[in-house]
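Peer 1: Per Swiss-Prot, the features are:
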type	residues	note
MOD_RES	Lys33	N6-(pyridoxal phosphate)lysine
ACT_SITE	Lys33	active site, proton acceptor
BINDING	Arg130, Met300	substrate binding site
ACT_SITE	Tyr252	active site, proton acceptor
Amino acid sequence: MNHPTLTIDPGAVAANWQALAARHTGEVAGVVKADAYGLGAALIAPALAAAGCRSFFVATLDEALSLRALLPAARIGVLNGCPPGEEGTMRARELRPVLGSLAACARWRGAAGDDKAPPSFLHLDTGMNRLGLDRDEAAHLIAHPTLLDGLGLTHVMTHLVAAEEPDASANAAQRERFAAFAARFPWLRTSLANSSGLFLGPGFGSDLARPGYALYGGNPTPTAANPMRPAIALAAPILQIRAIASGETVGYNGTWRAARPSRIATIGVGYADGLPRSLSNRLTARWQGKIIPVAGRLSMDLTTFDVTDHPDIAPGDVIELIGPGHDIDAFAAEAGTIGYEILTSLGPRYRRVVKSV
């Protein structure tokens, strides 16, 4: 390996989708927003389709248009809805907006004119307080159900606040509120579970699940072993190793000081490549399965490690940042963030290697 390399395994993503589909009684979609969580929708979406996935979700209209070019027959939902004035574009490309307000419903209905409205989703906010019908709008629809006529609605959906915390009271509260609303519109199918929601038990089953993070190898059950296959590995070769004396410092502002004569290895990856600067003096990487700690602050293009305890390590040897010995969730925990952020931040300077199926 001569360059920092991000290895992507579309076969693992497909296998993860199949595993989730096997445990769910309803349909399982694939969430491929943010360029398939940074791994490349052009690579991941066809792999999911080949595995049997027929419904997909993205966040924006532009993402949906790109996905439509890849998958002409797929059912594509747009989570952020239809931008005002773009109803014609979405209708022409058979894209399905997630309607999250009465105003959005009115625009979508109005754009249909005398034609039959293309399919769409209705989004009920049950506690996230971002997008979706609020309590007053939901009550208004219950009182005036004909407002849903002409929208082409297929599903009502909501988004769980804390599905990765099985004991969180919000889970049951959201499920109950969602069920009460959905019961008023029994002709609509339901969509409730995200990745972690699929592991909350039968009470969280629905007609359509929407996993994202778990597809890419993230752990949907943080309090238990990860049931998913890893989909990425991140590694970089050592550029240089330097010997320093006891008392010398490494990196900007000298935040790491050698307590003994030490050897410092430098790799050509930094925060410009998506490694959070919060990993400074916290990251642990792997060399031939052995733990090596970061030394000092991460730079824009470089990261340094203390390899004093490994006299055989040499320039050109490969440092594993994310891989079997240190998965995406462990890496994210050291950074004080979540794996979602890490995945979607990995930059364009890596050599991207696609693992063959």
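Every residue gets a Cβ built from N, Cα and C, even glycine.
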Peer 1: Which one is closest to Tyr252 (active site, proton acceptor) in space, judged by CA to CA distance, out of the recorded positions Lys33, Arg130, Met300?
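Peer 2: The answer is Met300.
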Peer 1: What are the non-local neighbours of Met300 (substrate binding site), defined as same-chain residues 6+ apart in sequence with CB under 8 A from its CB?
Peer 2: Gly270, Tyr271, Ala272
Peer 1: Relative to the Cβ position of Tyr252 (active site, proton acceptor), how many further Cβ atoms are located within 10 Å?
Peer 2: 11
Peer 1: Go through Lys33, Arg130, the listed recorded positions, and name the one with the sparsest Cβ surroundings, counting other Cβ atoms within 10 Å.
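Peer 2: Across Lys33, Arg130, these recorded positions, the one with fewest Cβ atoms within 10 Å is Arg130.
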Peer 1: From the Cα of Arg130 (substrate binding site) across to the Cα of the residue listed as 'N6-(pyridoxal phosphate)lysine', what is the distance in angstrom?
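Peer 2: Each residue's Cα considered, the residue listed as 'N6-(pyridoxal phosphate)lysine' and Arg130 (substrate binding site) end up 17 Å apart.
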